[in-house]
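Encoded as structure tokens, the structure appears first; notes follow it.
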Amino acid sequence: MAARDDAEARAAQREREVADLTTQVSFLQEELTALRRKLTESPRQARVLEERLHEVQANLAAVTGQNERLVATLKEARDQIVALKEEVDRLAQPPSGFGVFLESREDGTVEVFTGGRKLRVNVSPAVEVDSLKRGQEVMLNEALNVVEALGFEELGEIVMLKELLEDGRRALVISHADEERVVKLAESLVGQPIRAGDSLLLEPRSGYVYERIPKSEVEELVLEEVPDISYEEIGGLMRQIEQIRDAIELPYLHADLFREHKLRPPKGVLLYGPPGCGKTLIAKAVANSLAKQVAEKTGQSGKSFFLNIKGPELLNKYVGETERHIRLVFQRAREKASEGTPVIVFFDEMDSIFRTRGSGVSSDVENTIVPQLLSEIDGVEGLENVIVIGASNREDMIDPAILRPGRLDVKIKIERPDAEAAKDIFSKYLIEDLPLHPEDLAEHGGSRGGTISGMIQRVVERMYTESEENRFLEVTYANGDKEVLYFKDFNSGAMIQNIVDRSKKMAIKQFLESGQKGLRIQHLLAACVDEFSENEDLPNTTNPDDWARISGKKGERIVYIRTLVTGKQGTEAGRSIDTVANTGQYL
């Protein structure tokens, strides 16, 4: 009984276990089915998750970019706010003034000129008082204290210096209205080599002059130079050169002998004669020769000055201006001469500005210009090392008071060159190192010197032969006499130089065309013919007598001129000079 109960109990137990196992099997089967279904669906879910991941990453990148843009915008806005604040602060500041520094005081304050007032103000610690210079511009704050040092004024009025005062820090100047004013020299000008006649920059409110304008009024009219022309470069004028050396160099180099003999050196020299014959050339050579003589005498480097006055530019439409310019020229000469330097004041075309008083047609400006020059020349009497040289084609038009002894003492006529002088002039331009044609060299045995001499001899004979082809003019005098003039009567050093230049150009053209290099006698002869042909129409003034005087023909008055030229187009008929178009040239 008991055994049966026990068996039933175990059977019931097994049934329960079987039921549990069956339940578990069913659950596991369901789980297995669910897992199989999930396994089947997992690739699709993975794709969905990947898509969501990409979408989230894209959204994240967009949000990040937007965030960066917002940060940049905020930074830019902050910078703009700071800049605007600075601008507002700057605009809200009171204005700064400017003044001119005058001088410093022992207590650390300085005196400035501002707003038409002279003030004593304090200086910012950032500015060194010792570095401030008189006339310097300074910046002032609202309390009118110096806060910054600036430069010197660059704008103002132009005034002319009349003289420096004794203290060396003030000067007497002349304004544009001829008003005289005492001004102060800024620190930039103190100690600088300024002289009377210089143009200065003036700031009229403060009364300071700041700088020297490079081109002074006198320098516009005076060419200040040291010529490099020597007497050896001048041909055909040995007698005139000796005369001018005796007149100018001897008194300077042997002043003790002149004093011993109580001989007064000449004050000036007049060089007169036809155009192109070397008047200006001689005047330039004098300065160069003086410099060399000074160097030999003193053992130091010699230096001389040649003040070449541009005569017609001295004339000015305002009354008294021309006379003032002349005074400034001689004042400049005295300054140079006071340093022991020989100075030559050269007036070229002297007849254009110092004509005989009373000969003017309308203005009679010479009535005041000539006396000014006379007073300056007389003022040179007690001054050493200043020589006045005048040059003119029409010495008969210069005021006689200038030409009298005691002013322009020495008068030297520069004549037209004769045949011997022409050979000397040609030898200055035709030298042995020029390229010569082989055929011409062969004619003279290969001697370069002999070839040059032969060329010069041939061309001079061509120029100075009184042949039919060299006839130039027939002049009729007031008494009825007639005279035939040849080209040689109008020859000059300038014409000879032009002939040589023409021949050299012909030689160059021949080399370019044929390849044969070298100067030939044919080039010189052809150049001579061309020069004569071009000069055929030059004596074309409507006043033959004036033309003759300029050309160096003196004597009986000429009333009629007829040309006698055998040119490239044959012999031309004679013609009155009055019928030729007036081109304003002179032979």
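Numbers here mean position along the shown chain, with the first residue as 1.
Just so it is clear, glycine is given a Cβ too, placed from its N, Cα and C backbone atoms.
Taken from Swiss-Prot, the feature coiled coil covers 1-94, and the record attributes it to sequence analysis.
G278 (ATP binding site) falls outside any helix or strand according to DSSP and counts as coil. The ATP binding site feature in Swiss-Prot is assigned to G276, C277, G278, K279, T280, L281.
Most other Cβ atoms within 10 A: among the binding-site residues G276, G278, that distinction falls to G278.
Same-chain residues at least 6 positions away in sequence with a Cβ under 8 Å from that of L281 (ATP binding site) are, in sequence order, I229, E233, I234, G493. Sequence-distant neighbours of T280 (ATP binding site) (same chain, 6+ residues apart, CB-CB distance under 8 A): F346, D348, A391. When pLDDT is averaged over the coiled coil (1-94), the result is 83. Counting only residues at least six positions away in the same chain, the Cβ atoms of L271, Y272, G273, D348, A391, I414 sit under 8 Å from the Cβ of K279 (ATP binding site). Of the chain residues outside the ATP site list G276, C277, G278, K279, T280, L281, L271, G273, P275, I282, A391, I414, S492, G493, A494 have their Cβ within 8 Å of the site's Cβ mean position.
Cβ neighbours of C277 (ATP binding site) (same chain, under 8 Å, six or more residues apart in sequence): L237, I414, E415, R416, P417, S492, G493, A494.
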